[in-house]
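Notes to accompany the following structure.
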Amino acid sequence: MASGANGRVSVAYGDNNNQHHKPAATLNGSPGKAAHPASPNGFVQADKNHPARDEDRSARQSLIILLAIFLTSLFAMLYVYAMFPELDESEKQYLKVPFDIDDAKQLGRVLDRYKDLYNLEVMFGIILVYIFLQTFAIPGSLFLSILSGFLYSFPVALTLVCFCSALGATLCYLLSQLVGRRLVKYYFPERAHHWAQQVDRHRDDLLSYMLFLRMTPFLPNWFINLVAPVIGVPLYPFALGTFLGVAPPSFIAIQAGKTLYKMTSSSDAFSWGSIAMLAAFSVVALVPVIFKRYFKTKID
């Protein structure tokens, strides 16, 4: 060990038993800066100076995962289509997802012909397509609700629609929780924060609010499914509120399905009487919240 005039201390290790050691370490009174900070386990830590770059990479990964899940589900749909009973050439063009009332009429005519001989296949096909549309927030489930009312009795159709709506919405919820949380917070950070605050404020009454939102047209169902996990809505009130909340609108759609061939558009299913019924059910859903706040103010 030797000390120079400028205060620099140098430590040298010699050769011992033919073993080579690291060169001398020098200290000049101020620590040097490492090019890459190392973690305790010896690996170089990730660069924390570029959070925007990391968020962008995370968003791209989420989109890739979402695309992979969608393509896998689409392949399963094509497999079910291939396993469907053999159809006439004139009927194959109508075996598709209905996006308007004419498509629903043609599909209903085909499925009604095969329903008696292939009841389970037809029902399983409707269930799978319904869940697929709900899971990936694709329009068309309203026409499947109308079609269910045309093909089945009211109790069977209502149970089928409520079950598919709840299961599809739950899968959409879980998918959004997996990949959508990062996407929404990346593209809409301020809105996500504001909505999360609203959820925290009404956390004790989330079931009532879920029922209200499902019965009213203020927010589309696909939007609720995607945003709910991002803003902190728990799965239990979400799933239960969906199953119960879609019943009144489904009641109207299923009733309209009984007169499918007389309909000219999906708006024919909703009359002023049906709208008034939905409004009444919506008010009933908020009654527990109203009474809770009323008694709370009285106690305070």
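Cβ atoms here come from the backbone N, Cα and C positions, even for glycine.
Keep in mind that TrEMBL annotations are predicted by a computer and have not been checked by a curator.
The annotation domain 'VTT' is assigned in TrEMBL to 138-258.
What TrEMBL lists as region 'Disordered' is 1-52.
Same-chain residues lying 6+ beyond the ends of the transmembrane segment (63-84) with a Cβ under 8 Å from its Cβ atoms: 95, 121, 124-125, 128-129, 132, 135-136, 175, 178-180, 183. Among the features that TrEMBL reports, transmembrane segment is placed at 63-84 (among others).
Feature annotation from TrEMBL assigns transmembrane segment to 122-144 (among others).
Annotation comment: TrEMBL describes 156-176 (among others) as transmembrane segment. Within its own chain, the transmembrane segment (156-176) has Cβ neighbours under 8 Å at 66, 69, 123, 126-127, 130-137, 141, 144-145, 148-149, 184, 221-222, 224-230, 235, 238-239, 242-244, 246-247, 250-251, 253-254, 257, counting only residues six or more beyond its boundaries.
Annotation source TrEMBL lists transmembrane segment at 269-291 (among others).
Counting only same-chain residues 6+ beyond the ends of the transmembrane segment (122-144), those with a CB under 8 A from a CB of the stretch are 70, 73, 76-77, 80, 84, 97-101, 103-104, 111, 114-115, 151-152, 160-161, 163-165, 167-169, 171-172, 175, 221-222, 225-226, 253, 266.
Counting residues of the domain 'VTT' (138-258) by DSSP class, helix then strand then coil, yields 100 helix, 0 strand, 21 coil.
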